[in-house]
Amino acid sequence: MYIMSKKCYDTSEKIDREQECVEVNYQHRNFESILEIFSVLFIPFLCNSGKKFLQISNASFFLPACFYLLGSSSIIQLYEPLLWLSSFPFCILYVGFGENSVLYHEMYTVCLYNALLSLTQRWKWLSIVLDGLGNSSVNLKLHETVILAFLEITQNSFTFIEGILICTGLTGLCFATFSYEVSPVVSVLSGVLLISLPTLILLNLCILKLAAKLHLSALFTTCLIYFFSALLVFLVSRSWVAGQLGQAPEVWLFNQIFSHRNSLTRIKIIIWWIICLGCFIFILLRSNRNNPLGKYFTTEDEVLNFRRKTYHALVVFLFLPVCCLDPHFLHLSFSGVLFIFLFVEGIRILRLKPFGKMIHEFLWEYTDNRDHKGPLIISHIYLLIGCAIPIWLSNALKGPVASVELLVGVLCLGCGDSMASIIGKRFGKHRISKTNKSIEGVFAFSISVFLVLHLTQAFHVCPSVTFWKTLFMSLCTAILEGVSTENDNLILPMYMWVLYQALD
């Protein structure tokens, strides 16, 4: 356990030293951080008036506010990991799913564990307590194992907070998969993240070490990796998913598309995606050839930002019109595409011929400083996960039910984040001191989400939501986007989803 605490500490320290964003002076309290704490700790619970949150057992989740408002200058900085690794997951669990959810007690202990893990960044002796907790609980031991494996695989690609937050979600997926009977689409998702990915990584590492020891040629090593990866996916992952589904995955997938009662709708969705992707590729090729962006943007940073946000716009066209048509199919599609993205990223990292170098050169043109910290290029994966999280969470809570909450990922990232970034960088004059984002960008985020959400209701894309509820969700999420230094693609969709559950 001490090894894990030290690894987490070293990871967070190294990433914080290399971080390029505006540094926050924790010696002095600022209004932006207070607003961030209030947004996460209080707004969802105040909106969720039917819950009795203020209990002694939940007092630990108010530690971020206590540390920031009452603590000395040496411990003020602990508020952020406590807020995002313990209080925020608990907010999702308590407000989003409720005390009667099947995984409540397991995930409750994980939230407490994350709080202690955050405190070990300041007080190393708490690792002894973590060690005792990990050895006394199978659930916490699983969470510890997930964290160790994730940090080892990803190196410095994620910040400490991002890494532990993702591990918390993976641990919840493990609990749901191995402790309870899950739906077929969850079986596919667990097969992707818990079976295929770890085994592929271990296999490829073994092949690379063997090739280096035996001095095998690069071409032969590449062939070995492709062959054994395909064999492993076919034997291990396919067997797992087949056991969960009760039939061959390819047969099940064919039936889901062509023999389901919603087959016509699903075929239309696939055709729509093909049309959108075809048009996007055509526009992308033309723009690369003619380079028209220099006429409208004055710096390379603005051009890069606009090019990155075109993929956010693509997400809007791909998913916004179809999210509520067939939530079950969207859940399945996101799970499949996530596996493809991760598999392609593996090819890029290993530079496997003939596609590895080509993929790397293409993706590298769209990277920023966050993609340069470790071996992974994560921006496009983050975008996909951010759009998928509300659909995954809603499916776990209610099943495949058409609802506005399915759209919040696309709204936050495709509309809000894109407009906030483009407007803020181009026209922003009034800067927020903590994050260097602009107030103009915050307003652009809120207005764009609000207007697009009302347009979707006007065109009957999704069920209706009251005017004040829409305004409140868009404004609160925009404020959090403006004052938080955490990754927008990860936290904003989950936060807006929680607000919807609190107001529902």
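The backbone N, Cα and C atoms fix where each Cβ goes, and this holds for glycine too.
The model shown is predicted, which means the values in this text are computed figures rather than measured ones.
Each of F317 and L490 belongs to a differently named topological domain in Swiss-Prot, hence to opposite sides of the membrane. Helix, strand and coil counts from DSSP across the topological domain 'Lumenal' (237-263) read 20 helix, 0 strand, 7 coil. Looking at 56-76, 216-236, 404-424, 441-461, 463-483, the range that has the most CB pairs within less than 8 A of the transmembrane segment (374-394) turns out to be 404-424.
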